[in-house]
C-alpha cells in the first residue's frame, strides 16, 4: 500500500508521514551509499595524509560525512615521547605491539563513527604496507558490513620525497626538539624500516578483487581497479583532478550593484557608481600581481561581467557561478519577504543551509551545482573567480574546510579580494580590501538558527547531508576493553597489553596539537 507523503517545509522534498523501519544491517553493503572505509597505503612521505585531508574536505563539502583516522595520532597518544627511527624497526617487537594496538584502536573508532555517529566514510590513514595488515582491515570491514576502498600513493622521485619531508614531517611533534638535518636523517631511516616489508597493491594478481586506485608519481599516472559504486567513482574522479603545483586562487564578488544599494536579493542588476570604481581598482590590483597565464571566471549575470570587462583580459562565463536562486523571493528585500512570506522567512532564519526557497534553491543545492567549478579549480593554476555572495561562501567553505552550519554565515564583503594559497594540509587566506566603499550585505546568524536534520537520517537519504560534528581527539582509553570487544572479529590480531613507554628508551619530544557574505 502506498505510503502517505508530506512535503518538508525547510527542504521542500516529499517524505513519508511515518518513518519507515530501518533496513537490517546485513543489507548494508548492498546499498549504494553504505558506509565505506578508505584505506590509505604507501611508504611514509608519499602524500597519504595530504590526500586523506584533502579528500575528506571535499567529501564533507559535497555532503558526505567523512572523517580521517590517522594512526600516527593514536601512536603519539599511546607513546607520549618519540626517541628515534628504532621504534619502527621490524625487529622491535615491543614497538610492533604498540603499533598494532594503535591500529586496532583506530578501527574501533572507525566502527563507532560509521555505525553509531552517522558517518558515511572513514579514512584510515596509515602506511598499511603489508598484506597481513590489509587483510585485517578487510576482515574488519566485512564483519561490520562496511565497504573498503584502497588508495595507494606510490612515488620513487627522491626530490618529491625530500620535499615532502622538509615541508611536513620535520615540523611534526616527533621532531619537536630536533634540527632539520637530524630530523631528515631520522625520517629517511624510518622509511627504510618500512621498505624492507613493503608489499605494494597488486591488482593483476594478489589484489585483483580489491577496489583500489594507485596514484603514481603525484598524479602522473593512475591505476584503477573494480570501482564498486557512485561514491568510489567520485573519489577516483577527484583524485585524478587535483595537483600539487604552486598556484594562487583569487575570489571576489562583483562590484556593488543597484540591488545591493536597495537591499534586494537576486535579480540581474548592473553596477552602481561605486561598483564601477571597484572594477577599475580590481584591474589595477590584477596588474600589480603580475600573474602568468591568469584565468578569469565570471557568472552569466550582468554585475560580474561588467566587473570583468574592466580587467581587459579574456574571461569565461560559468552558469554554475550564478547567484543562488531565491525563487518567489527574487528581487525582494528581506523586509518584503518577512511581510509577504512570513513562514518562509522564519524557516530560513532557523535553517539557512538546508532551507530551499519555493521554486528556488538552498545552499545545499548550490554546493551540488558548484562541484564542477571546484573540480576545474583544482585542475587550474592561477585563477580569479568573480562571483556572488552565496557562491563565494560555498567556494570559501570548501577551501577553508568550513561546515555546512558555518557556510551561510561566512563574511564575504563587497570590494574585497580573497587571496588563497594552498599549503601542506590546507589553505592560507589573505583578505585584501581595495579601498572602495560599499554597502554591507552580511546578515548575522539568527538566534533561532538550529542544526539540520538528524545525521543518522543521512544514510538512506538520496542526498546525504554534511556532518556538523567536530573532529574528535583519538580515544585510547583502554586497550584491554578494545581487545575484548574485537576478539570475535579479529581473531588473528589480538595483541597483549600496551605499554605507555617502551622499556629501555630514553625518549625526547612531546606531542603537540597541530593544525594545520550579503545575499544569502
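The backbone N, Cα and C atoms fix where each Cβ goes, glycine too.
Around residue 254 (active site, tele-phosphohistidine intermediate), the C-beta neighbours below 8 angstroms that are at least 6 residues distant in the chain are 271, 275, 301, 303, 304, 306, 307, 386, 387, 388. According to Swiss-Prot, the feature active site, tele-phosphohistidine intermediate maps to 254, an assignment based on experimental evidence.
Cβ neighbours within 10 Å of residue 194 (beta-D-fructose 6-phosphate binding site), excluding its own Cβ and spanning all shown chains: 16. Swiss-Prot lists 75, 99, 127, 133, 169, 190, 194 with the feature beta-D-fructose 6-phosphate binding site, giving experimental evidence as the kind of evidence.
Feature annotation from Swiss-Prot assigns compositional bias 'Polar residues' to 502-520.
Sequence annotations record features per position, and here Swiss-Prot assigns phosphoserine to 461 (among others) based on experimental evidence.
Annotated phosphothreonine per Swiss-Prot: 463 (among others), in sequence order, evidence recorded as a large-scale study or a structure entry.
The phosphoserine feature in Swiss-Prot is assigned to 467 (among others); the stated evidence is a large-scale study or a structure entry.
Residues or ranges marked as phosphothreonine by Swiss-Prot on the basis of similarity to another entry: 471 (among others).
Feature annotation from Swiss-Prot assigns region '6-phosphofructo-2-kinase' to 1-245.
A sphere of 10 angstroms centred on the C-beta of residue 253 (site 'Transition state stabilizer') encloses 32 other C-beta atoms. The site 'Transition state stabilizer' annotation in Swiss-Prot covers 253 (among others).
Feature annotation from Swiss-Prot assigns site 'Transition state stabilizer' to 260 (among others).
The annotation site 'Transition state stabilizer' is assigned in Swiss-Prot to 388 (among others) on the grounds of experimental evidence. For the recorded site, residue 388 (site 'Transition state stabilizer'), the DSSP three-state label reads coil. Using a 10 Å Cβ-Cβ cutoff, residue 388 (site 'Transition state stabilizer') registers 23 neighbours.
Considering other CB atoms within 10 Å as the measure, the emptiest surroundings among the binding-site residues 75, 99, 133 are those of 133. In this structure, the C-alpha atom of residue 99 (beta-D-fructose 6-phosphate binding site) lies 49 angstrom from that of residue 253 (site 'Transition state stabilizer'). Of the recorded positions 127, 260, 260 has the largest number of other Cβ atoms within 10 Å of its own Cβ. Spacing of residue 75 (beta-D-fructose 6-phosphate binding site) relative to residue 260 (site 'Transition state stabilizer') is 53 Å (Cα to Cα, whole number). Residue 253 (site 'Transition state stabilizer') has 260 as its nearest neighbour among the recorded positions 127, 133, 190, 194, 260, going by CA to CA distance. Rounded to a whole value, the Cα-Cα separation of residue 127 (beta-D-fructose 6-phosphate binding site) and residue 260 (site 'Transition state stabilizer') is 52 Å.
Taking every pair among 75, 99, 127, 133, 169, 190, 194, the residues listed as contacting beta-D-fructose 6-phosphate, the largest Cα to Cα separation comes to 24 Å.
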